[in-house]
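The structure follows.
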Amino acid sequence: MSGSSLPGALALSLLLVSGSLLPGPGAAQNAGFVKSPMSETKLTGDAFELYCDVVGSPTPEIQWWYAEVNRAESFRQLWDGARKRRVTVNTAYGSNGVSVLRITRLTLEDSGTYECRASNDPKRNDLRQNPSITWIRAQATISVLQKPRIVTSEEVIIRDSLLPVTLQCNLTSSSHTLMYSYWTKNGVELTATRKNASNMEYRINKPRAEDSGEYHCVYHFVSAPKANATIEVKAAPDITGHKRSENKNEGQDAMMYCKSVGYPHPEWMWRKKENGVFEEISNSSGRFFIINKENYTELNIVNLQITEDPGEYECNATNSIGSASVSTVLRVRSHLAPLWPFLGILAEIIILVVIIVVYEKRKRPDEVPDAGPMKTNSTNNHKDKNLRQRNTN
């Protein structure tokens with residue numbers, strides 16, 4: 001072997017050796033965490049969720065374990081439906097493994113250390129193996145504190161009366177220092193309500209359906225999670241927006257909608273007037289599509305038929321307090337309708353031309369037939385002149 005070929009052969013050998021050490025597409029890969037659970041502090045009655053995301057080849061198995069406070073070595077496995085069905089475990093496996101642990105209606109006994117374990121070791125469930133070697137772990141500490149006691153006024157139902165309404169909250173007991181408090185409606189903070197007070201009031205001077213919803217008095221503390229209480233203000237639906245009429249051409253699509261205020265959110269229903277009576281729409285043709293979103297509903301009709309779809313449509317909103325209905329008139333024109341203005345103009349032009357032609361024919365005088373040249377007085381005068389000249393001679 002020549003000296004020049006020796007380094008090349010050596011490099012090729014090293015490349016083959018190093019290539020054999022690199023993991024291929026189907027090579028095994030140890031489990032590793034992409035996302036680990038995070039520690040939280042909660043109040044009794046609240047809920048928490050812990051997330052765990054792991055990778056590896058093959059996809060690692062995920063388990064959840066729990067240990068009480070100050071007993072970190074006494075872990076017990078958590079199963080879906082445990083603790084009187086307050087525990088929910090949802091796990092999905094694909095290119096990686098993802099699991100969510102959720103516990104609701106928390107009690108003080110739910111405090112402790114929660115552990116996400118993952119492993120793709122073939123012997124991971126062998127009792128003779130040391131779990132600390134075959135499983136990787138990620139821990140989170142959940143601290144559950146006693147929720148402060150908040151006394152609230154009763155729920156309110158808005159009727160036709162416009163008498164003022166006052167909502168009240170009173171923080172009667174708390175082991176933590178209050179920072180500030182405020183009111184929210186449907187999750188949005190109400191302006192000019194933030195203050196440092198345990199007794200809170202919110203006044204609605206002229207209550208209407210649009211004032212209904214979920215009101216919360218929210219308390220923030222120095223070293224504890226915020227606490228809140230709910231007061232429901234209810235009202236019958238009041239439909240505030242809809243189309244009075246909809247004009248479309250045959251073959252087009254039509255969309256009718258209704259918006260309402262009121263709480264609780266209503267159940268929506270669409271009906272069409274048949275023989276003077278509103279009847280619920282039956283989607284036998286498959287051309288009707290209804291979308292309901294809390295205080296909004298939408299009726300879509302595709303490929304309008306001039307013989308079936310025109311008429312009066314009604315949207316109805318109903319909740320536990322009352323109901324409301326409004327109507328929309330749908331008109332469907334023939335697909336030739338866009339040509340009607342053009343045809344009308346063309347007809348007017350034709351009629352105008354005919355009138356002009358007839359008028360011109362009647363206005364023209366009768367034509368005189370040709371009768372040859374006519375004799376004039378000048379000819380006679382010439383004859384008379386000649387006669388005089390002869391007489392003189």
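The backbone N, Cα and C atoms fix where each Cβ goes, and this holds for glycine too.
Quick paste of what Swiss-Prot says about this protein:
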type     : residues : note
DOMAIN   : 29-134   : domain 'Ig-like 1'
DOMAIN   : 148-234  : domain 'Ig-like 2'
REGION   : 149-161  : region 'Narpin'
SIGNAL   : 1-28     : signal peptide
TOPO_DOM : 360-393  : topological domain 'Cytoplasmic'
Which residues of the chain, 6 or more past the ends of the region 'Narpin' (149-161), have a CB below 8 A from one of its CBs?
167-174, 207-209, 211-212, 217, 219, 227-235, 321
How many helix, strand and coil residues does the domain 'Ig-like 1' (29-134) contain under DSSP?
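Looking at the domain 'Ig-like 1' (29-134) with DSSP, the answer is 11 helix, 54 strand, 41 coil.
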For the domain 'Ig-like 2' (148-234), what are the DSSP-based totals of helix, strand and coil residues?
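DSSP classes over the domain 'Ig-like 2' (148-234) add up to 3 helix, 50 strand, 34 coil.
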